[in-house]
Each structure stands twice: as C-alpha cells, then as structure tokens.
Amino acid sequence: MFSANHWGGSFEINNNGGDADDDHSRNMDMDRAALSRQLDETQQSWLLGPQESKKKDKYVDLGCVVVKRKLIWWAFWALLVAFIVVGVPIIVVKSIPKKKVAPPPPDQYTNALHKALLFFNAQKSGKLPKNNGIPWRGDSGLKDGSDLTDVKGGLVGGYYDAGDNIKFHFPMAFSMTLLSWSVVEYSQKYKAIGEYDHVRDLIKRPLLLGAARGHGLPRPVQTASSAPDLAGEVAAALASASIVFNDDAAYSKKLVHGAATAYKFARDLGHRQTYSRGNPYIEPYYNSTGYWDEYMWSAAWMYYATGNTSYISLATDPALAKNAKAFMQILDFSVFSWDNKLPGAELLLTRLRMFLNPGYPYEETLSGYHNSTGITMCMVFKQFHVFNWTQGGLIELNHGRPQPLQYAMNMAFLASLYADYMDATNVPGWYCGPNYFSADSLRSFAQSQVDYVLGNNPRKMSYLVGYGSNYPKHVHHRGASIPMTDQVLVHRRVEVAQLQEREP
C-alpha cells in the first residue's frame, strides 16, 4: 500500500522511449507458435535448397550457412575500415591525459536557496545538532511540554515562528508541507546543489500537534480540543513528508499513520471550530478563518500518500467544493497562504487530472479545479488589473497590508509548478478569456517576483538575509539581536544577579 506510486511520477524524469522494445518482447512471449513456424520454414528451406555447386572454390561452408568467399573478403575489409574510422579515434582520445574541468559556478538562485534554507537552521528549537551551521544559536526549550502526562517525550523540538520564542504550529506545519512538495517535485535539483539531505533533515524535525507555546518562564502550553484547520494542516504535512521519505518504508508508514490520526480528528463532527477562535495568544497573530480548504488540501495529500480513493472522493465532493467556495472566484480566496490553502489544493488536484486522469466519477469536479487554477494564474498578469503592483514590480496580493513578500513568493511557487506541469504533459499554454498565454509567461512572472526579493527593486536591497551585499543587518531575532561583547556579558550578569536577589 505504501510502496505504490500514486503521485504519477516526477516531471523531472524524462521518458526514454522503450515502449517499442517492450511491445516487441510482450508479443514474442504471447506468440511463440508464430516463432516456431518461422523456424520450421527456415529449416525446410535448408533441406529443399539447391544442390551444392560444383565450383566449390567460390564458396566457404561455415557450418550453418554457405557463403561466397568474395563476400567474406568484403566483410573483412568493411570491419577493418570501421575499426580505423571509429576505434582508433576512441583509443587516441582515451590515451590523452584527462584535464579536470571545474563545475560551473552556482547561479544566483542556487546561492539564494542555500541562504533561504539556513533560516530553518536558525529557527530550530530543542537540542541542536553539532552541524547546525548557525554559530550564535544554542539549545533551547529543552523542557517544553515536560509537565504533560499524555504526551510521550514532551513537546521539545520544532521551529520558532520568527524572532521570538513562540512556536505556532499552524504556519509551521504549512511550511513543512511546502518544503515536502518542493522536494517531491524537484528532488534532483536539490541533489544537484547538495541540499537534498539538508532539506530532508529540516522536514524530519518533529511536527507537533500543540497549537502554540508562550515564551515566558515557565513556557505555557496552549491546547485546543477543536482544531479541524490545525489538524488538517498537520495531516497534510505528515502525508506529504511520507512521500519524501518513501525510500524508508518503516518511517514513511509511521508518517502516514500519524497523518491518518490527525485527519480523523480534523473530520470529527464534534470538533468543527477553528483552533484560534477566542485564544488571545493565537488569534491576533495567526487567526484561522476557516477549515474547509484544509479538508480539501489534506485529503489530496492523503490520497497521494496512500492511494486510498476515499480521500480523493472527499477532495472532489461537490459539497466540499461548495463549502470551500472553490468555484466562487472570490479574490482573497485566490491568494495562497498559511490561512488559505484553496489555490494550492486546486493546483494539487489539477496535477492529478493532468498526470493520472482518473476519470469518472472525479472528472467533473477535477475539471472545475483545473479551470479555477487557470483563472487564478490569469490574475497575476498586470494587464488584467486584478491586483495592485508597486512601482518597483512587486504584486500586492495582500492589498497593501504588511508582510507582502510571503504572498508573492507563494504565488511564484504555484506559478512555476503549473508551468512545469504544462510542460511535462505537453500543454503549451492556456486561455485567459480570449488571450492565450504560454507556460513561459508564468515563469517570467515567478522570476520577476523572486528577483525583486533578491535585490531587483528600487532600494537595490536583498530581502534575503545573507544574500548579496546589501541586505538587512539588524533583524529582529532574540538569539542574535544583541552583540556578545565583554561589556554586554558583564551587564547581563549583573542583571541576572539583581533578579536573583529579588526572588523570595
């Protein structure tokens, strides 16, 4: 069940065209009688052939066949010429000492990816590995959840959300799902730049079910008895990771089991209230506006991970699509984010239609998702004036509100995927009304947004810390905000001593 490929294969793998040979082999296996008849006819021709010529010196008997002596000489000279033309150059080339050619220097996007993945190293909570690569980070949160009796091993690990010490597992699980999606689709590219093992290690860090934990002493644990959105995202993260680790059957199966458990909790009719509702520690920061999109999103990933058709039946259920407002073309619902999985879910299910084409009874809803995906992609083009753009070239998917880069990068990722899906299935493009657009137009959009983040903007500033020469130097991060000079160390020791004196 877990070893089968329900993903449809990576579009990085090209078909080498062995179909003709395979068909020939199958036909030979199925029609051995025809082969026997051919052999019988050949043998009869030997028996019924003309008597041996009297001019024996013109022929040579090779045992199984008699050929002209002149033909043997022609064959000999032909082989000699072929050896001179083909063999001698090969011998000469191999005898020349090989000069080691250095690999081409990494391009700007490779360098940027190296830096981007280090963000997760900087955000790790719990016991850090020796090769973490961030010298100013140390172990932290080693007693998280230690007072919980129903959680084996506590809640140590995971990632901090930002520059603070809080772990918000709703956006964290979403990040892990996207990392897994990128590895499933582009594993060969990760391997080519030496990041494959690193990114798998990042994904493998525990995905915890607790909703959020504060940064005070002691660190409080926020629990949620109703969390269909959070549980659905955790199910998606675990299911997608199970595909990443399908080379480890035992671990992949464990991930699928965890995903199924979370998914069952998410679908429980008695727990249909968003995880953040009324929680003052969560609602102001990562308020969830619904859970129907998580149902569709997690069901799609569960199907890809297991092949169980009950999941794809749910993902394509017209009632679910209606509740998720999949076909209503609401502008905000076309923006992919940690809160709104609808565009990602529709693209994921469009992939199913393009690569595997399951047909009835899923085709009607899948066709609707495919059409909706095309409309979402049309929205990113300036000429349709759907979203505002900055003068520097950044699309404002969150309508000018803070933190616009994450939304632009999410859309760039989906656009790149859809372009690659079209190329892999020999679809040259799609229509936006009467206008036809090629897959390359989506790549141009995605590249423009990535280039903006990397420095092609009016300030000529890279918004990726560590990339380029002009990037933010004083970022908000509690682990790195204060330079560790001797004066600071002395000052901190005095503060600690004063606090200890005040304690009863």
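Glycine is treated like the rest: Cβ placed from N, Cα and C.
According to TrEMBL, the region 'Disordered' annotation covers 1-27. Positions annotated as transmembrane segment by TrEMBL: 71-93. Annotation source TrEMBL lists domain 'Glycoside hydrolase family 9' at 109-204, 218-487. If you look up TrEMBL, you'll see His476 marked as active site.
In the predicted structure, the domain 'Glycoside hydrolase family 9' (218-487) carries a mean pLDDT of 93. Here the domain 'Glycoside hydrolase family 9' (109-204) is broken down by DSSP into helix, strand and coil counts: 48 helix, 6 strand, 42 coil. For the residue listed as 'active site', other Cβ atoms within 10 Å of its Cβ number 10.
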